[in-house]
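Peer 1: Supplied in structure tokens, the structure appears directly below.
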């Protein structure tokens, strides 16, 4: 009798060592969740993460996510939850063979596709990068499209080479050095158009326009 019970208990433990289930509840403050597996709903269990030491990561699973239960010794009360397994309710967001693809519930997508060496971030509302010393971007060409404006809030902006702009407005003065050439259109100062400006001559009358 004892041998039969021991065999039954061993069989139960073996069945419980690795099970699939669906998350039915999450406690974010404690980092634990409850999983339904078969007709059982587990106690509050910890889910596994990538790192949990000096470097730590946080990415909570969600209700309805399919997971693996890893039960040491077959005890479900002390099992760990390993997310996640694609399901009919939560299918794979990509069919690429090599891409790293993350799809968020608000529609945002982060993707790196090695096939064309392209990094894509879409669907986000804001992005904030704070660095205490410097940010360096090295690339042959940079294109920024802003529908309203771009603000550079700094004591000084340095452009080390040619600057091309369709219009220019200087509001608080400044200085220029070196040769300046102007062509096409008029150049005015304090309401006076320089290339047509006349002033009294030394012998009376007015001078002609500048040559």
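The chain as shown is numbered from 1 upward.
Every residue gets a Cβ built from N, Cα and C, even glycine.
What TrEMBL says about a protein is an automatic prediction, not a curated fact.
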Peer 1: Out of 136-173, 174-211, which range is noted as region 'Disordered' by TrEMBL?
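Peer 2: That would be 174-211, the stretch labelled region 'Disordered' in TrEMBL.
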Peer 1: On the DSSP side of things, how many residues of the domain 'Gp5/Type VI secretion system Vgr protein OB-fold' (19-86) fall into helix, strand and coil, could you say?
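Peer 2: The domain 'Gp5/Type VI secretion system Vgr protein OB-fold' (19-86) comes out at 6 helix, 33 strand, 29 coil.
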